[in-house]
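> When I checked TrEMBL for this same protein, it listed these features:
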| type | residues | note |
| --- | --- | --- |
| REGION | 1-43 | region 'Disordered' |
| DOMAIN | 80-387 | domain 'AB hydrolase-1' |
| ACT_SITE | SER185 | active site, nucleophile |
| BINDING | ARG257, ASP384 | substrate binding site |
| ACT_SITE | ASP350 | active site |
| ACT_SITE | HIS383 | active site |
Amino acid sequence: MDWQLSDDAQPASRVPAARLVEAQPDARPVPVTGAWRPGDDPGERRFARIGDVETESGGTIPDAVLAFETWGRLDEPAENAVLVLHALTGDSHVRGPAGPGHATAGWWEDVVGPGRAIDTDRFFVVAPNMLGGCQGSTGPASLDRDGREWGSRFPRVTVRDQVEAQRRLADQLGIRRWHAVVGGSMGGMHALEWAVALPERVGSAALLASNAATSADQIAQNTLQIEAVTTDPGWLGGDFYDLPGHAGPARGLALARRMAMLGYRSQQELNERFRREWQSSVDPLHGGRFQVESYLDVHGNRFTRRFDAGSYVRLVDAMSTHDVGRGRGGVEAALERVTAPTLVVGISSDRLFPVADQRRLASGIPTSVSGAEPVVLESGFGHDAFLIESGRVGDLLSTLLG
Ligand SMILES: CC(=O)SCCNC(=O)CCNC(=O)[C@H](O)C(C)(C)COP(=O)(O)OP(=O)(O)OC[C@H]1O[C@@H](n2cnc3c(N)ncnc32)[C@H](O)[C@@H]1OP(=O)(O)O
Ligand SMILES: N[C@@H](CCO)C(=O)O
């Protein structure tokens, strides 16, 4: 099939995020440990009211909600919980079965489940959707107290704000200390923040394809993607929601995703996979398209149907401001605070979060709890290998979880 980025796609950004997944949280209360048997409803999305969040940027998000899913059973001392933290555009749906609001299987089916590395027969797995996101947690497309989408008024959020939101969820679930906190990419930033800010609550940590502080190179790519969204005429300053006949910044969002894909996949993979082949019988010189263009279009187009542009801008910005050393005497001083055994994994072909980033993490975290060098996963898939090479990632996590 020949794919083309088109204007007629129904962009997710037209629809307030909460409505993308299901009716926004008439948030069922989260029962306390012991009364609630999470194993009874695997994979069902729930919502926790976490109160007012004061952001590092000086804003307030009143009555914030975190969407989350769980698998397995929390044991009686509440010591078997594993927190799984998704990347930039992931969500709480780590694994199936498909349930309310889920048409698909999860993004880490081979890593989390019965008999898998994060074994749901042993562990109680919790996966929240991050604050500012668009899969049920409060974000720019959510309605404020007056019933209006937040849009441009949604405060800038940081990785620390998001971890504070996760801490409140943990408190509500009765989890004082995680057996493990696991995250890839932006999820790894969250996992690191847990290990640094709340070391007494982290039994072990896994940081996959992540960093301690976002580099100039990464910020540069982020800022271009934000620009791609916000210069779309449909952006309307961020207040584009629910306007009759208005498509929102779908084209800009698709362009941002296409740009992002170049960081997620390696040069080697793109070159070997698509070569200079074209998509149809017409060669590019005479109006046809290269296969790689078509591939990027598919991912860009598809993304507009599942992600809110306002969330995207806020979450990419949160990645850019990530610096675990901010206000803590610098990155090295912050990393010294980690007390949990920590697995640091890099991917050999990752051009977005290169192995040098994980070397900095591994060398900064005390060697009493981490190797001095990261484990490097040899893979040609680039940054996304932490999602794609799930069998090998699972093997690494098994060594951490025991
Ligand atoms: C279930 C989910 O993971 S999505 C929901 C949550 N999202 C996330 O968590 C984000 C993280 N996930 C991701 O980024 C991605 O889903 C990944 C990294 C896991 C995908 O990795 P891969 O499996 O390697 O997918 P890949 O990048 O090769 O894309 C495959 C698609 O491109 C299409 N494609 C391949 N070549 C071309 C081409 N030349 N032209 C057009 N389309 C093409 C394939 O047909 C396929 O489409 P399909 O999904 O309809 O079968
Ligand atoms: N492809 C993943 C990785 C980003 O780090 C995502 O979109 O979330």
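Cβ atoms are placed via backbone N, Cα and C, with glycine included.
Quick one: where do these features end up spatially?
Summarising model confidence by region, the domain 'AB hydrolase-1' (80-387) averages a pLDDT of 96.
Other Cβ atoms within 10 Å of the Cβ of SER185 (active site, nucleophile), summed over all protein chains shown, number 27. DSSP assigns SER185 (active site, nucleophile) to coil in the three-state reduction, placing it in neither a helix nor a strand.
Taking all protein chains in view, 24 other C-beta atoms sit within 10 angstroms of the C-beta of ARG257 (substrate binding site).
Taking a C-beta cut-off of under 8 angstroms and a sequence separation of 6 or more, ASP350 (active site) has the following same-chain neighbours: ALA209, SER266, GLY382, HIS383, ALA385.
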> Scan SER185, ASP350, HIS383, ASP384 for recorded positions whose C-beta lands under 6 Å from an atom of ligand 1 and note them, or write none.
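Going through SER185, ASP350, HIS383, ASP384 in sequence order, those close to ligand 1 turn out to be ASP384.
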